[in-house]
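Chemist: Just dropping this structure here.
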Amino acid sequence: MQKLKQQVFEANMDLPRYGLVTFTWGNVSAIDRERGLVVIKPSGVAYETMKADDMVVVDMSGKVVEGEYRPSSDTATHLELYRRYPSLGGIVHTHSTHATAWAQAGLAIPALGTTHADYFFGDIPYTRGLSEEEVQGEYELNTGKVIIETLGNAEPLHTPGIVVYQHGPFAWGKDAHDAVHNAVVMEEVAKMAWIARSINPQLNHIDSFLMNKHFMRKHGPNAYYGQK
């Protein structure tokens with residue numbers, strides 16, 4: 001597990017490097033599906049002092065199997081998403097400013113241009129609010145459930161992120177680094193959408209044919225963006 005712990009540590013350290021977190025407001029995890037184990041950031045540990053060996057290993061029930069610290073308080077959310085979507089290899093949660101602003105506003109992040117379409121096939125969705133019962137009960141587990149309720153049976157890697165109402169963004173990917181990459185893009189397109197709609201409140205969504213072209217040339221079966 002040392003290799004995965006190092007990967008998760010590096011991905012977590014990317015959060016402050018890319019300006020996605022303030023203090024300890026974020027966490028990254030990754031899963032080893034063969035072993036049924038998840039590596040995640042420890043709860044409340046400062047990035048300045050954190051080391052790879054501080055990463056916590058839990059099983060799919062959330063039981064700590066390796067590590068001296070308690071795992072992230074959002075662990076149950078991560079585990080619920082891993083259980084539901086086998087294509088996910090890494091998950092990240094932050095309170096990055098612009099994506100969180102859309103979450104607090106209770107609005108999807110609209111697909112307005114090609115930067116968005118290169119990564120997200122359509123609007124970045126938002127969840128409903130959790131009920132008082134859901135919050136007072138198994139809050140973090142129910143956060144995962146409301147994300148799943150919103151995504152349904154869609155392929156999560158086609159829209160690798162969501163904003164949880166009144167909370168903040170979650171993003172995911174094929175591994176921990178891919179998840180952070182998508183979280184960075186999510187923050188950038190959230191900022192772009194806010195600025196664009198401020199300039200032109202009547203701005204329409206990106207044309208569907210342009211969205212299809214940009215997404216499929218990068219992610220489709222005949223993708224030709226980048227190198228093999």
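Positions of Cβ are set from backbone N, Cα and C atoms, glycine also.
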Chemist: According to Swiss-Prot, H93, H95, H167 bind Zn(2+); which one of D74, D118, D178 is listed for that same site?
Modeler: D74
Chemist: Rounded to an integer, what is the Cα-Cα distance in Å between G44 (substrate binding site) and D74 (Zn(2+) binding site)?
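Modeler: Rounded to a whole number, the Cα-Cα distance is 11 Å.
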Chemist: Between N27, S43, S73, which of the binding-site residues has its C-beta surrounded by the fewest other C-beta atoms within 10 Å?
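Modeler: Each of the binding-site residues N27, S43, S73 was scored by Cβ atoms within 10 Å; lowest is S73.
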Chemist: For D118 (active site, proton donor/acceptor) and H95 (Zn(2+) binding site), determine the Cα separation and express it in whole Å.
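Modeler: For D118 (active site, proton donor/acceptor) versus H95 (Zn(2+) binding site), the Cα atoms are 23 Å apart.
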